[in-house]
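Working notes for the structure below.
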């Protein structure tokens with residue numbers, strides 16, 4: 001029967017909660033009954049004395065003063081009444097003082113005139129009507145006639161007098177004969193109980209908020225007619241029939257037209273009213289003791305009736321029924337297992353084993369029913385989610401929807417996907433719990449049987465050996481299924497952690513959260529390794545059990561004794577077909593068993609190899625985990641060390657900045673003082689001519705040895721100045737353009753020397769080849785590349801020529817350059833050779849008068865070595881340029897030395913197992929066009945995000961470590977063949 005059909009069949013049934021009317025703690029309740037003359041009904045008031053005492057005691061402890069009147073049963077404060085409660089007493093027709101001494105001393109509990117006199121009644125016998133409506137009053141009875149009568153009744157709710165009135169306890173039943181004596185005892189006991197008692201230390205008083213919320217739970221009130229009280233009596237008698245003779249006899253009420261003519265309520269004297277009030281009060285007390293407060297309060301005051309408090313859903317009831325059946329099956333198995341201690345004979349033990357098998361089958365059936373019922377809602381949710389997602393997908397593909405509708409459908413699809421995922425997780429958890437119950441029961445039965453094996457010998461135990469093998473197989477199978485269910489759950493958790501790691505966003509706590517997730521992942525991975533070890537262990541136990549059973553069968557087949565008819569020879573026996581067939585069948589059966597045993601041995605060997613593989617993976621995982629922790633600690637230590645060093649560096653930097661600021665400040669002050677001094681005392685400025693300054697510098701250079709760097713920078717300036725002088729016609733004075741040219745040349749020389757110094761040797765040669773021909777300084781500065789900055793003044797007119805020294809011997813001719821294989825190499829070589837020739841020509845074109853000062857500064861060997869280095873650089877550059885064999889082939893093709901031979905295209909035979917859809921070359925031959933990829937997309941794909949974002953880099957590193965620690969290569973291994981327990 002389906003669950004939907006069960007719901008429809010049981011829709012008219014209700015489930016009542018068990019022990020719903022049990023009271024957690026006993027409370028003391030007091031009933032006060034009085035007669036309302038305005039409505040002609042009984043006014044019944046009930047007070048919870050225990051709650052009132054707790055509230056008043058907590059108020060005293062909280063420091064809020066409470067008067068005596070606040071603790072009285074009829075106090076307005078006790079019931080949440082207003083100050084107008086006193087006026088409501090005028091509407092009550094209370095009985096006069098009783099003749100008994102007890103009533104004279106204590107006053108009537110029902111009387112409103114015990115301490116306060118009633119106002120005089122009018123001619124009609126009715127007092128003033130009070131507008132008060134008690135907030136603590138509940139609905140009087142389910143048999144109320146109309147809402148208007150309830151409003152009228154509420155206006156005349158009785159308010160009992162002040163505290164001196166002793167309430168009547170509802171503990172005893174007062175009979176008609178001994179009413180007075182019993183009443184005296186009850187009143188005295190109540191007075192003793194009403195004395196203020198200190199609260200025990202264990203009882204903590206409620207707070208003020210709880211007091212306000214529970215104010216309406218201390219008192220209840222209502223108006224009841226004779227008919228209402230009879231209906232209440234019928235309901236109480238249906239609960240307990242002992243109350244049938246206890247209801248007092250009420251006078252007959254007129255009905256129909258008589259109510260219009262003679263009024264609704266019968267005329268009664270004060271003595272009759274007092275007697276009825278007293279009897280009704282005693283009746284209510286007896287009903288409280290018999291039926292309990294919950295039933296009585298719900299019958300009298302039904303305002304706080306909550307159906308959820310009494311009824312429970314049918315699904316919960318059905319689940320409890322399944323659980324009770326499961327508990328009974330568990331207890332049955334436990335009882336049978338306990339009987340093993342007293343059994344001594346093998347026959348009784350075999351009978352007990354049969355009973356255990358039946359009990360376990362009933363346990364498995366009860367467990368299956370329970371968990372099938374628990375799984376059904378999650379299965380329905382999964383199916384509903386899948387169906388809804390499929391509908392959303394079809395709607396998005398086929399319908400013409402706007403962007404907002406598409407966005408809402410996508411959100412709904414994500415919501416249904418999440419619900420389906422949660423349902424799958426719940427199904428997996430319930431599956432694990434199911435197999436835990438069955439595996440635990442099987443394990444208990446198997447352990448008990450192993451303990452029984454020690455009591456009996458091998459011969460007697462042979463009768464139970466087959467059952468023990470079956471039990472071992474069943475235990476291994478149940479444990480294997482439980483472990484595989486756990487493995488699926490752990491894999492789901494791992495997948496969820498990995499997705500959370502990949503979806504982390506930037507933030508202050510992102511790195512810490514990533515570390516926590518990685519740690520959780522490692523813990524889950526270790527748990528997964530343990531579960532996988534248990535799985536392999538169970539598989540090994542299954543194989544071992546099968547091997548043992550097969551070996552036992554083989555030994556039984558071999559030891560089996562077969563009796564044949566007598567024959568003279570073996571050939572004669574084999575001549576008969578039946579005998580030959582039986583012998584061959586036995587041999588074939590033995591061969592099959594032996595082959596199966598060998599297969600099981602091979603599978604067990606593979607399981608052992610896989611266990612070793614998992615053990616190594618587990619060690620790698622632990623090592624990675626420790627390595628991560630060590631890296632974290634090391635990074636923290638390095639950060640601390642670097643932080644201390646950085647602090648020291650920052651301090652030194654601050655000190656240097658302060659010193660430099662102080663120096664610059666002092667320098668500025670000095671300059672300001674000099675400026676003010678010059679402004680205050682202006683003096684005569686003397687300017688020296690250029691010729692005098694150059695002569696002075698020459699005398700200074702001849703007097704003191706000049707460093708090589710200054711010589712290197714001064715020589716080109718002098719040479720260029722002399723050349724300009726000769727070109728200008730040997731004039732005695734230079735124009736502004738002529739004086740500016742040497743300065744520009746000096747600047748060009750400085751920049752070229754800096755470029756040469758900042759580069760390696762081959763670029764230096766290239767740069768030197770690009771300089772103007774008249775400058776030979778790059779060749780000279782390449783010998784000693786040190787930075788130097790020399791300020792050079794404009795050159796004076798040329799000096800008279802001096803006899804030149806003998807010229808240096810000419811350098812040896814350079815070796816012939818190899819033939820360039822490409823345009824770039826030949827162009828570079830030709831350029832460098834021309835630059836070298838220009839340099840030599842410029843050196844030769846320098847007049848002898850100009851080379852006189854440089855004779856004692858340079859040696860010719862330096863120039864020769866510079867030329868050699870330049871040529872070696874050019875040769876090395878050409879070798880690097882033509883080192884590619886493809887360049888040689890292209891150069892030879894240009895020269896026409898050989899021609900290429902046309903080769904026919906080879907067609908490779910296709911692989912037998914390869915499909916054309918997987919071969920990109922075959923697809924291209926068929927005419928499939930390739931998609932053009934833009935360079936920007938490639939550039940974006942090759943950009944490494946981990947280098948730019950530290951969080952992304954950390955996520956990639958964590959995923960890499962996780963991949964190394966996880967057994968992701970299991971799929972590449974040879975998988976175990978599917979076994980019968982996996983089906």
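A Cβ is built for glycine as well, from the same backbone N, Cα and C atoms used for every other residue.
Feature coiled coil, per Swiss-Prot, maps to range 315-351 of the set 315-351, 352-388, 389-425, 426-462. When 753, 826, 883 are compared with the annotations in Swiss-Prot, the one labelled phosphoserine turns out to be 883.
Given the ranges 571-612, 613-654, 655-696, 907-948, the record in Swiss-Prot names 571-612 as coiled coil. Within the list 108, 141, the entry that Swiss-Prot describes as phosphoserine is 108. Within the list 58, 969, the entry that Swiss-Prot describes as phosphoserine is 969.
Helix first, then strand, then coil: DSSP counts for the compositional bias 'Polar residues' (50-61) stand at 12 helix, 0 strand, 0 coil.
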